[in-house]
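Inspection log for the structure reproduced underneath, given as structure tokens.
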Amino acid sequence: MPTGSVRLQSIKKLGQENQSYEVTGEEAAGSYMSMTNSKEKSKAQEKAEQPAIRVGFFQLERLSPPRYPQPDASCVCVCVRVQFRFATCKDVLMMVVGALCAVLHGSAQPLMLLVFGLLTDTFIEYDIELNQLSDDRKECVNNTIQWKRNYTAAFNESGAFIFSNSTLEMFGPLKNMSCGILDIEHEMTLFAFYYVGIGAAVFILGYFQISLWVTSAAKQIQLIRKMYFSKVMRMEIGWFDCTSVGELNTRMSDDINKINDAIADQVAIFVQRFTTFVCGFSIGFVKGWKLTLVIIAASPLIGIGAGLMALFVAKLTGMELQAYAKAGAVADEVLSSIRTVSAFGGEKKEVDRYDKNLVSAQRWGIRKGLIMGFFTGYMWLIIFLCYALAFWYGSTLVVDAEEYTPGTLLQVFFGVLVAAMNLGQASPCLEAFAAGRGAATIIFETIDREPEIDCLSEAGYKLDRVKGDIEFHNVTFYYPSRPEVKILDKLSVAVKSGETTAFVGPSGAGKSTAVQLIQRFYDPKEGMVTLDGHDIRGLNIQWLRSLIGIVEQEPVLFATTIAENIRYGRPGVSTEDIVTAAKEANAYNFIMDLPQKFDTLVGEGGGQMSGGQKQRIAIARALVRNPRILLLDMATSALDNESEAIVQEALDKVRMGRTTISIAHRLSTIKNADVIVGFEHGRAVERGKHNELLERKGVYFTLVTLQSQGDKALNEKARQSRSPALSEPGSIGSVTNCDHPFPLVLVADSEQEEPERLNLSRAGSYRASLRASIRQRSRSQLSNLIPESPVPSAGDLGPRAYSMSQEDKYKSATPEEEEEDIVEPAPVARILKYNVPEWPYMLFGSFGAAINGGVNPVYSLLFSQILATFSVEDPAVQRREIDGICLFFVLVGVISFFTQMLQGYAFSKSGELLTRRLRRIGFHAMLGQEIGWFDDHRNSPGALTTRLATDASQVQGATGSQIGMIVNSLTNIGVAVIMSFYFSWKLTMLILCFLPFIALSGGFQAKMLTGFAKQDKQAMEAAGQVSGEALNNIRTVAGLGKEKSFVEMFERHLDAPYKAALKKANVYGACYGFAQCVVFLTNSASYRFGGYLVKQEGLHFSLVFRVISAIVTSGTALGRASSYTPDYAKAKISAARFFQLLDRVPTISVYSDKGDKWNNFQGNIEFIDCKFTYPTRPDIQVLNGLNVSVKPGQTLAFVGSSGCGKSTSVQLLERFYDPDNGKVLIDGHDSTRVNVPFLRSKIGIVSQEPILFDCSIAENIKYGDNSREISMNEVISAAKKAQLHDFVMALPEKYDTNVGSQGSQLSRGQKQRIAIARAIIRDPKILLLDEATSALDTESEKTVQEALDKAREGRTCIVIAHRLSTIQNSDIIAVMSRGFVIEKGSHEQLMGLKGAYYKLVTTGAPIS
């Protein structure tokens, strides 16, 4: 039947079409967090609303003006703008021809309807003739039907004949009906040829229409990519400060792909569909304007339904998101303050609070499902009512008024249907155009922008002789990204040629900024920088930068070989020069030890090399330029002693006769500079030689004194660990040390031989070399600290003794990273297990879905039945049958209304309940992880909240509505096939041969809708790596003047994707043409064979239509089912990620009951030789053998500079982490064996920035003890102890005052006191005060300090403080440096020692 042909067209958007009511799962996923997104989504849904296929025609209303103010006009104009901006004449020609093909292709479908109308008429005529001749009183004479002679003769002979109705009608002359002319098989052969002809034309037109457009788009896109990247590489550095590299990379890929979508196949498809729309309506109006108007009149009902649905869905989605946003906010708040939650044991409480907020989101989700079910049902109802109306009114015009033939009725009906459907399908193209226009605006803005400092411009002077005098004249500067912060403030400094000038000063004083101005990365806002008296703004940039060699603190290497990296320094440099530079930079030896020597790959960002090796390669790269000016920005800070000495020597050699500016924090490197300039607050405040500046006691003096202190302490420790007789343990001022259980001499020796060899022999395997470089680096960091000691001490101290633990840590840390990326999809059975409690809903939903699936085949049954009535002779019977069928249409509509509602509601209910359950379980699992897990950047609060929001809702894609879809498709196919076999198995077999092709073409279409996106992405990856590397390291690229070579490299990498795109154009065109023509071929074969069966085997013609339309609709259902697989796959992966979280066993478990508990908890604490590194930074040793103990009721104070491990020791006590070596004893129990909740319940903590939750003051105080219900009296007494009560009573809402998000409504002192009350209320045995008063002003500090002194009574207390006044009355003061205690005792004892503590107290310097 014809519908076959028509319906099939819908394969284009098959999946989307019927997705309408199943979209819930995805919806929540994609649109979480952003309202706008949900609106777009709802628009998309609105479009998706054509339930199945035939719905299409009413789409008219929906696309009416309000939605797209002027759809084609504007889009066409933009396309034209986008198009012709970079299109050559050849491209324009291709596009014109392609558009022409699209117009012809678009008219093919309406053309087929004309053929189809004639075909139907032929069948009906033939059937009427058969009916006539089956009356044995009639016969065929001379090709007209006449009464048989013998009947009339018999009557004439016997005069008296009994009259009856049947004999009476024989007297009336027969209508002039031809017979014997119609050879049905011949006719059908003719129609089959028409179909094949149209099909062949469609194949060819479809191929050209697509391939020409895609080819021309590929050419233009390649040009846009080249233009864009080369323009970005020319931008000044300030522009990069304000534009994130991530954003640029996204634009390079996604935005340009959007432009591609807007100017490629979508245009052709839009033109084709629009043509079909115009032609379809033309046929309708030309052939039968009355029926056309009746059908159009009914369409507003569907438009209204779709509009309301979109409105409600958008609104409900908004509500659902808002409700979920509350739960998301809770999750975010809890995960951001996970340490506080853990410390106070609030995990279970938080899970309940989160779950409470999920209830309302679930409620809105279920409502949304119900409303979508209701409207989908409503649309189906209206559609079936429309069918009933159209066929009823159409049949009156055919039978009673005889204005139309049955064929005309079908032509008109399907003409309007096809037109409307194609208009509906053209709408996604408009979206692609709009997206493309948006992307193009941004891309073209960048292409048109003129850089302020154009590094590739030829303008500017090049001096003949360069002496190398640099001078800053009153330079004022601030970064474009932070215009409010002044970095340089009227800076005036002269750097003489051939001298070494050192810039020193605290960080943020503007030293590096000054260096960047010399390179002309920025221009000063006021004043000027001159080279030999010339303002550098007048000099040619590339030439200026070629004079400068720079070595930075964190040198950037590119992902290529060592030789290539050095060659970046100067183009066309010989191998000898490279070797010389490597020797000068002291890099030659280690390079020659590598298996591949200079051809060793350094890895992404130089990741395969250790810090010192990278540094030396960078120095070689700077030297190979033979620069006049050498800028050393902390060039040796990342090196260990040995390398530093050698590199320093290399630098001293190469400094001769060059202007050198050195920035350093390590004073050993700058003592011998010719001039030292001290920076402070963006000005040069002092200049002179080392000794002069020491006498001045200014900036330089402060830096020197601070540094030498720490160095001495470390040397002391190193010396002690070497001296056989350790001073007696525990005595004041001595440090107990049991670092090395095995002979030290050995360590030192092996250590010396080992480092380089070890590193490099393993360089082959990435993991090994990573580990080696970490070992190297940790060694270098340690040795770093011991400037004056002989080399072997690096060995003694080096992490050899415990490097195993580090390595293990690293081993254990690395595989996880790999696991993250490759997730095995979860088994569906396990997903369903979580959905078990909802089985009744799923059962009812499946029942509804099954009935909905049966609707399509029933439709084809009714449709063919109507055709059959047209060949009925008796008008009364005919009328009765038609009315009956129209009523049946109405009935199917009503049933479908209820079952759609049932399906929508039941599945949304089961899906929402599952989502809520998973979110709760997931959140519970997250809070149960150890703190180290949260340190991993992949588990940041943002990432975790997103995972809760999206993963949980995507899992719905594998259950719930997805099951509905599958049941729906299966029943559809099942019913259709059974029905077809019942009516004509032969014809069914023939069509089933075509079914795979129809389904395949559906698959092709789906693949094309997503485009060959995946392949494109892979092809673009290589180019993306080049662009990513260049943009991420733009400063290095600019400093080396390598912009051009990166642009060329990028363009080379674009060839592959471009060739792939051209190949794709042909494949894609052929697939498209095939998908379009397969329907025509199916029809031609089916109708031809149908004609044969009608003639030879007496099959009734209506059955031919019935079988063809039933099978073809089931083919589309098959396609639709396959289009849902992406969701399904996504769901399985989301579920797998989820289960991965649930199955992870935390190393420190909060929920377990295992572990020691004891009754008389004293609070006796001992740290015994604790060593610790954070799991995320295994190469940085934080605690380095910490030994300290505190008795019950005593107060222990930790002092020391930041980063020396004070807070870390507190975290070990809380068991946020466990030590790598050594142990923490609590009342003699090893902390790792103690029950975690029990231990934490005995500890109260007040930290520097206390975290409060977004609830009332009373609730925040009650949070101190989550194990029981706390009365208001207890809250008040705790508040009184914390000096908080009076302030709270002065507030209007007293204890019910909300403190705002993170306590934002309160001052610091007030927050601090609430935190103290919270710690007091749990009546802890151990109180931890981590800089509890450091953030307060003097007055609040006094109050809080009083509160703390009260709270400390009778408790073991550990205090960390930067202000010495707060700890003078502690029982024990431990001075920490670099992870161990250098001296301990009471205030008086330490003052008597005149060691580090004495100096701190007397200078009054803050310990920072």
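Using N, Cα and C of the backbone, Cβ positions are placed for all residues, glycine too.
Among the features that TrEMBL reports, domain 'ABC transmembrane type-1' is placed at 96-435 (among others).
Residues or ranges marked as domain 'ABC transporter' in TrEMBL: 470-706 (among others).
According to TrEMBL, the domain 'ABC transmembrane type-1' annotation covers 843-1130 (among others).
Sequence annotations record features per position, and here TrEMBL assigns domain 'ABC transporter' to 1165-1403 (among others).
Positions annotated as region 'Disordered' by TrEMBL: 712-734 (among others).
According to TrEMBL, the region 'Disordered' annotation covers 781-820 (among others).
Under the heading transmembrane segment, TrEMBL lists 92-119 (among others). Beyond the ends of the transmembrane segment (92-119), by six or more residues, the same chain brings 2, 5-6, 9, 83-84, 188, 191, 194-195, 198, 201-202, 205-206, 208-213, 215-216, 267-269, 271-276, 278-280, 282-283, 287, 405, 407-408, 410-411, 414-415, 418-419, 422, 1076, 1080, 1087 to within a C-beta distance below 8 angstroms of the stretch.
According to TrEMBL, the transmembrane segment annotation covers 192-218 (among others). Sequence-remote contacts of a segment are chain residues at least 6 beyond its ends whose Cβ falls under 8 Å from one of its Cβ atoms, and for the transmembrane segment (192-218) they are 87, 90-92, 94-95, 97-99, 101-102, 104-105, 108, 111-112, 115, 260, 263-265, 267-268, 271-272, 1058, 1061-1062, 1064-1066, 1068-1070, 1072-1081, 1083-1085, 1087-1088.
Marked as transmembrane segment by TrEMBL: 267-286 (among others).
Annotation source TrEMBL lists transmembrane segment at 292-314 (among others).
The transmembrane segment annotation in TrEMBL covers 370-392 (among others).
Listed as Cβ neighbours of the transmembrane segment (839-862) (distance under 8 Å, sequence separation of 6 or more from its ends, same chain) are residues 1, 3, 52, 54, 380, 387, 885, 888-889, 892, 895-896, 899-903, 905-907, 909-910, 959-960, 963-965, 967-972, 974-976, 979, 1105-1106, 1109-1110, 1113-1114, 1117. According to TrEMBL, the transmembrane segment annotation covers 839-862 (among others).
Among the features that TrEMBL reports, transmembrane segment is placed at 882-907 (among others).
Long-range contacts of the transmembrane segment (963-983) within the same chain, counting only residues at least 6 positions beyond its ends with a Cβ under 8 Å from a Cβ of the stretch, are 18, 22, 842, 845-846, 848-854, 856-858, 860-861, 903, 907, 991-992, 1103, 1106-1107, 1110-1111, 1113-1114, 1117-1118, 1120-1121, 1124. Summarising the annotation, TrEMBL assigns transmembrane segment to 963-983 (among others).
The transmembrane segment annotation in TrEMBL covers 989-1010 (among others).
Non-local neighbours of the transmembrane segment (370-392) in the same chain are 20-21, 23-24, 49, 51, 54-55, 58, 291, 294-295, 298-299, 301-302, 305-306, 308-309, 312-313, 316, 409, 413, 855, 859, 862, 866, 882-883, 885-887, 889-890, 892-894, 896-905, 908; each lies 6+ residues outside the stretch with a CB under 8 Å from one of its CB atoms. Averaged across the domain 'ABC transporter' (1165-1403), pLDDT in this predicted model comes to 80.
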